[in-house]
Amino acid sequence: MATYDYGLMIGMMMAIFLGSFVSADPDLLQDVCVADLTSGVKLNGFACKSNISADDFFFAGLAKPGLTNNTFGATVTPASVQQIPGVNTLGVSMARIDYAPGGINPPHTHPRATEIVFVLEGELDVGFITTDNKLFSKNIKKGEIFTFPRGLIHFQINNGKVPAAVIAGFNSQLPGTQRVANALFASSPTVEDVVLTKTFQIGTKEIEKIKAKFAPKN
């Protein structure tokens, strides 16, 4: 009986311990902690600055569409702690994503946040892939919502003939974005060709061609 009680207690403790990691960012310990983006202090987040105003909690950058005349035909306009210092420690951020016809927000992950998107205009084909390689995809239209679980590879593409746009919400002040292709083919220093040739089962020449396409533009 004692062994059973001990096991139950350990199980409960583990559940509570793991449950503490559900939210992307830790809870705040004061009313506000406006980020001092110039501080050299290193911590898990940003140091608080003393002089604050309403402007620290304001950002107008999502009001206008972003330019989409780029390689992917899509632009992400972030509204994280780096644009709104007042969201430091609050565990939230947003972004606007604009897509030209045929534009794509390529496969990527957000290591620190779950994402939810609301379609402002147009329609998109969206999807995410689980760790057992199952794809969940859907076509979403104006006024509709789709959610991408934290850390999973996901994408959005505008297969329509008119521009599209979404507002995205995140449960982190700085969700982070890691594009799969950029991480593998444009890292610094670069990933060894032998790793990529074995991973994708293609030759070195093909790998070098892909790397050249992702190389920073001078």
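Just so it is clear, glycine is given a Cβ too, placed from its N, Cα and C backbone atoms.
What you see is a predicted model, and the numbers here were worked out from it, not measured in a lab.
As given in TrEMBL:
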BINDING   ASN105, HIS110, GLU115  oxalate binding site
BINDING   HIS108, HIS110, GLU115, HIS154  Mn(2+) binding site
DISULFID  CYS33-CYS48  disulfide bond
DOMAIN    60-208  domain 'Cupin type-1'
SIGNAL    1-24  signal peptide
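Cα-Cα distance from CYS48 (disulfide bond) to HIS154 (Mn(2+) binding site): 33 Å (rounded to the nearest whole number). In sequence order, PHE72, ALA74, VAL76, ILE97, TYR99, PHE155, GLN156, ILE157 make up the list of same-chain residues 6 or more apart from ASN105 (oxalate binding site) whose Cβ falls under 8 Å from its Cβ. For the pair HIS110 (oxalate binding site) and HIS154 (Mn(2+) binding site), the C-alpha distance works out to 9 angstrom.
If you measure from the Cα atom of HIS108 (Mn(2+) binding site) to that of GLU115 (oxalate binding site), you get 12 Å. Across the domain 'Cupin type-1' (60-208), DSSP assigns 22 helix, 58 strand, 69 coil.
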